[in-house]
Amino acid sequence: MQVLKINPRGYCYGVVDAMVIARNAALDKTLPRPIYILGMIVHNKHVTDAFEEDGIITLDGDNRLEIIEQVESGTVIFTAHGVSPEIRDIAKRKGLVSIDATCPDVTVTHDLIREKSAEGYDIIYIGKKGHPEPEGAIGVAPDHVHLVQSSNDIDSLNLTNDKLLVTNQTTMSQWDVAHLMDSLKEKFPHIEVHKEICLATQVRQEAVAQQAGEADLLIVVGDPKSNNSNRLTQVSVEIAGTPSYRIADVSELKIDWLKGINKVAVTAGASTPTPIVKEVISFLDQFDENDPSTHVIKRTVTLDKILPKIKTPKPVDKIMPHK
């Protein structure tokens, strides 16, 4: 089968940084145990399973407040998606050592919200309800930030403040964000616009928009919880006009999808491990619709191949608790 490997695809620097921080934490014997991650360090279950093998426990819950309530002692790692100041304070009050793996692009948005809310602005934040990144960003200034996900949310906004600003979750579809920002500019002509789609998200989406049209089908390799992976599927269908499926790994591929397909494109979300993507590409490369021996799907990538290798462990930056 013809396989079009869309570039760039896979890991972004924020994800790699977060994983390296967590791996160094696992190797740092001075950190109080147990070591917990507040939610998925990045939205990929293969990664969180690999960290469990490393002795780092991923805690789950509806929100970060609910998750940190589960922790009584040890060390907590804040995920790449960022956390609110309230969570940082609770960690300190509980006597926990904290490690911050927030993506630098998310920190930029937090700084913007902090600065503008102090100047008296109301901030409209375009993001996905229930996702940890908006939760952390809104928590920077809860009384000033208003989450919108759709045109209906914009219709129901009732803001009279002359100081208005719009920003967004870094992993949204850039076309959705542009559309919603246009609607906001119509409703509030004086609004200041700060588009914060991270570069990694942007270039991956643009690559799909430009290249997926050359194929009959696009396979996106990414976790179901990964917003940027799900957006790549959306971009393929809505912008490139190419049908698309998202799979967590090769075991989720369906042979029926490949019947009658001459050329398949492959990309991956920013938190998808490279070996997982390579395994999908290898399967598609050897696939022949008329040869049943090429239809056997088996995942062989083991957890020890998932995380970045650390040759020289480095001490992690610790945020110490209140004495």
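From the backbone N, Cα and C atoms, a Cβ is placed for every residue, glycine too.
Under the three-state DSSP scheme, Cys12 ([4Fe-4S] cluster binding site) falls in the coil class. What Swiss-Prot records for Cys12, Cys103, Cys198 is [4Fe-4S] cluster binding site, and it gives sequence analysis as the kind of evidence.
What Swiss-Prot lists as (2E)-4-hydroxy-3-methylbut-2-enyl diphosphate binding site is His43, His81, His131, Thr170, Ser226, Asn228, Ser271. The Cβ of His81 ((2E)-4-hydroxy-3-methylbut-2-enyl diphosphate binding site) lies under 8 Å from the Cβ of Gly39, Thr102, Cys103, Val106, His131, Pro132, Glu133, Glu135, Gly136, each of which sits 6+ residues away along the same chain.
The secondary structure of Ser226 ((2E)-4-hydroxy-3-methylbut-2-enyl diphosphate binding site), as reduced to three states from DSSP, is coil rather than helix or strand. Long-range C-beta contacts of Ser226 ((2E)-4-hydroxy-3-methylbut-2-enyl diphosphate binding site), restricted to its own chain and to partners at least six residues apart, with a cutoff below 8 Å, comprise Val42, His43, Asn44, Gly269, Ala270, Ser271, Thr272. The isopentenyl diphosphate binding site annotation in Swiss-Prot covers His43, His81, His131, Ser226, Asn228, Ser271.
The dimethylallyl diphosphate binding site feature in Swiss-Prot is assigned to His43, His81, His131, Ser226, Asn228, Ser271; the stated evidence is sequence analysis. Cβ environment of Asn228 ((2E)-4-hydroxy-3-methylbut-2-enyl diphosphate binding site): Thr171, Thr201, Arg204, Gly222, Gly269, Ala270, Ser271 lie under 8 Å away, each six or more residues apart in the same chain.
Swiss-Prot lists Glu133 with the feature active site, proton donor. Counting every protein chain shown, the Cβ of Glu133 (active site, proton donor) has 27 other Cβ atoms within 10 Å. The secondary structure of Glu133 (active site, proton donor), as reduced to three states from DSSP, is helical.
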Helix, strand or coil at Cys103 ([4Fe-4S] cluster binding site) [DSSP, three-state]: coil
Other residues, Cβ within 8 Å of His43, His81, His131, Ser226, Asn228, Ser271 Cβ centroid (dimethylallyl diphosphate site): Met40, Val42, Asn44, Ala80, Glu133, Thr171, Asp223, Lys225, Asn227, Ser229, Gly269, Ala270
Rounded inter-Cα distance in Å - Cys12 ([4Fe-4S] cluster binding site), Thr170 ((2E)-4-hydroxy-3-methylbut-2-enyl diphosphate binding site): 12
Cβ-centroid neighbourhood (8 Å) of the [4Fe-4S] cluster site, Cys12, Cys103, Cys198 excluded: Tyr13, Gly14, Val15, Ala80, Pro104, Asp105, Val106, Thr170, Thr171, Leu199, Ala200, Thr201, Ala270
Alpha-carbon spacing, Cys198 ([4Fe-4S] cluster binding site) to Thr170 ((2E)-4-hydroxy-3-methylbut-2-enyl diphosphate binding site), which is rounded to whole Å: 5
Three-state secondary structure, which DSSP defines for His43 ((2E)-4-hydroxy-3-methylbut-2-enyl diphosphate binding site): coil
Least buried by Cβ count (within 10 Å) of the binding-site residues His43, His131: His131
